[in-house]
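For reference, TrEMBL has these:
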ACT_SITE  HIS169  active site, tele-UMP-histidine intermediate
BINDING   CYS41, CYS44, HIS116, HIS167  Zn(2+) binding site
DOMAIN    3-179  domain 'Galactose-1-phosphate uridyl transferase N-terminal'
REGION    1-37  region 'Disordered'
Amino acid sequence: PELRKDPVTNRWVIFSPARAKRPSDFKSKSPENPNNNSSSCPFCIGNEHQCAPEIFRVPPDPNWKLRVIENLYPALSRKLDHPNGQNDDSSSELSGLGWVVAGFGFHDVVIETPVHSVQLSDLDPSEIGDVLIAYKRRIEQIKQFDTIKYIQVFKNHGASAGASMSHSHSQMLSLPIVPPSVSTRLNSMKEHFNQTGKCSLCQVQSKDLLINETSHFFSIAPYASSFPFEIWIIPRDHSSHFDELDNKKAVDLGGLLKLILKKMALQLNNPPFNFMIHTSPIQVTDSELPYSHWFLQIIPQLTGVGGFELGSGCYINPVFPDDAAKILREL
């Protein structure tokens, strides 16, 4: 066993290979088999009237390739805002039980394809690039609201990964606060920068952890992976905000994301998974830019989170990232 600390997330991880078989045997026990019944799916083309209001579609005609819509069951309310983007109720207050902030925010859904049976990894790199550019476009719209502090882009694939709809989609949740995990990540990256003078993600060069690379991005099994076969996709050039992505890099990232999702499905028996885009807070200061670096995290759902993880904030990973990277690299 070995304990490793991640300089990005500031999290300790226990690597305990005795708790698993060979890494190559570590496959999903319950592969995701998408429901191909599109007749009643509101995300399918022709069923647009069943959805919450549309924000935009690409292209802007009946034969769309992707749509961005409001979430029918939003976690936050967009109806609390004032026309100028200000919100008189957005300031935090200390009650007798703790801090409270009005639940203003945006909860959006990105429908990645009009066809029910098509998954994100089935799209070609330029089509996945269009999905990424849709995230960027929506982020740019939401940034006009001063009350929004952080935007989380994420995808849940499979029921056990949190997806309530089998039609391929992702979500965006725009918050009036900066989540603690984001603050912790920035503080940890700042500490590394103060000690070394370098960005912790720009420094990732280990060939043992590398999976695949392109002109603008590289994918790794992170040094202190919290989960077995966890994967990060990182921009080669230092970039603090995901919405700095341009069309050329979006296609490049689309190709690498497609490759990684295909590899993960083949090696791990098509597991349910989550991916998250970790970007900087909207109002990040100039002094924070040198050490804040966005990346995309992919977590296949192969193990559950138990009492030790919930109680300690530490994770037990039965697969060393070096082994995971080797298996995915050679596939």
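Glycine is treated like the rest: Cβ placed from N, Cα and C.
In this structure, the C-alpha atom of CYS44 (Zn(2+) binding site) lies 11 angstrom from that of HIS169 (active site, tele-UMP-histidine intermediate). Taking CA atoms as the reference points, CYS41 (Zn(2+) binding site) and the residue listed as 'active site, tele-UMP-histidine intermediate' are 12 Å apart. The residue listed as 'active site, tele-UMP-histidine intermediate' sits 10 Å from HIS116 (Zn(2+) binding site), taking the CA atoms of both as reference points. Neighbour density for HIS116 (Zn(2+) binding site): within 10 A of its CB lie 20 other CB atoms from the protein chains shown. Neighbour density for HIS167 (Zn(2+) binding site): within 10 A of its CB lie 24 other CB atoms from the protein chains shown. For CYS41 (Zn(2+) binding site), the Cβ neighbour count at a 10 Å cut-off comes to 17, with all displayed protein chains included.
Summarised as a single figure, the pLDDT of the domain 'Galactose-1-phosphate uridyl transferase N-terminal' (3-179) averages 86.
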